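Engineer: Before we start, here is the structure in question, set down as structure tokens.
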């Protein structure tokens, strides 16, 4: 990075450094410092006399009325899904129809999937059951809205029971038969007329439930039945869980029942079933044993609140979720979403779509947007967040700094050890652009300059000495010139008495020489001391800065230790308690702490695009007079203030992807609140959590 410093600043610093007894680096003779001062003072006075003949501004240029450089950007494209439907892309008749719907206000939940009150189909037991070898003869499958009959929800995992014929026809025939026998036994034990199991009661081919092959009137609803199983569970009488050995080890002799139960609980789609299971009748757990008929197996009845014991290492989080759905404690919407998402991420599943994690979360919330073909997990989650009263979850998520820089969107941990509800957002999501980008509006922003360091303007309190000193030193070339002219012209005047021009010229010349000799000292008194305000500017430096004094000299002409390291601006910042019991900044660490945090807490679903290495950068803020060191993959070009927490602002540093016209989050710093006084708001712009 180059530096732009005025010649007057260079001379001033050259003279000032010679007067500092501790600055031996600028002395010519260490044995005689007074000679060193003289050898620098006199030439500097001569150079200043010449420089004062031309306009010089030691304070730099005032830009934008003292504000930071604004971010001049405006996204004028349509979003894939706007927060307000009026801003969606108009498309002929569909647009006019949509406007009519909005004007009529008939559908308050436009774009939201309807929740079924009853299952479409149920398996009703026959009065005279068939033999155990043919369980399908024990029930009939028909519509489930007759007389509001009670039913048992059958829960299992496809890791233990393979029901898909496409995978293995023999396993599917065997496991389907066993599951239906368990389902019939569980239904008879619960003394209800019907049961619900997915491979019998969910239509996945868009055909009607009668099996005639004719299409149903609402094919979208039938297709989405796969993702609305949680609504079926909400209306059930009770739930029966069937566990057993994995489908590829059914003939094994070992009987590890606890491991089978843990395998059932470790599946992602089972967690919503556990949370939403009816609690008044408990949960019946059937464990498959080799050689025993399902009808002869005695199930274990477990209270819903005690199911957390079988759910692995996150027992405490699961217990909180269960207590929330049982009504014994009340989680906020933010706590519910964060806890549920963390628990879902810890579980495994065979991915069928890229948005399975978001679809599993949808079952726990009230309003669920319609499923879109080939949508990503982030897009589905963003739609879910905008549709529900999520307390601006996405806006808070933007301000978080994940410990792993390559973490997926679902990682809601914060390297600052803060929670979602600790952050108060100051911007708003206006729409969803694509599978990784949202439209952000209302954030405060400022541009970062990387080309060179500029001379920074500053304001000091006006005093009589400073005012008179400026007039004296600025006019010294005029006084000196007038004195020389008077002395030179006085020689041509012959008079017996004293020559008045010579006397006046000598006096003016002597005064001007005194001002010139005292000019360095007067400049120090004028410009040294406290700054009342400075020009707001962000400067970016690639690499670590070992000497802040050199940066301050480049910005203001001399170093008075005004520029300090931030106490807690980044993860590298350090501070201590000084002798006055105040918080004092220390030079930052240079080790990338995020690397250590990411290795200590690995993210299960992180997407690491190669072995990239982060680089170290330094951000200089001339308004708060702080320097902050941080790590990032790319040099950020923009500072966006998107939220606040702990008495400081969350500053999202973004690089710009010109191909997609998107600002991509590189890191998150904490800045003083006073920076908002010198920032402009940014109009709508595209934002991504990370660069792809």
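Every residue gets a Cβ built from N, Cα and C, even glycine.
TrEMBL: automatically predicted annotations, no manual curation.
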Engineer: Tell me which of 405-428, 429-452, 501-524 corresponds to the transmembrane segment entry in TrEMBL.
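Structural biologist: Of 405-428, 429-452, 501-524, TrEMBL gives transmembrane segment for 501-524.
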Engineer: Of the ranges 77-96, 97-116, 117-136, which one does TrEMBL list as region 'Disordered'?
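Structural biologist: In TrEMBL, the region 'Disordered' feature sits at 77-96.
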Engineer: Identify the transmembrane segment range according to TrEMBL, selecting from 357-375, 376-394, 471-489, 528-546.
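Structural biologist: The listed stretch tagged transmembrane segment in TrEMBL is 471-489.
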Engineer: Which sequence positions outside the transmembrane segment (501-524), separated from its termini by at least 6 residues, show Cβ-Cβ distances below 8 Å to it?
Structural biologist: 12, 15-16, 41, 44-45, 48-49, 52, 58, 469, 472-473, 476, 479-480, 482-491, 493
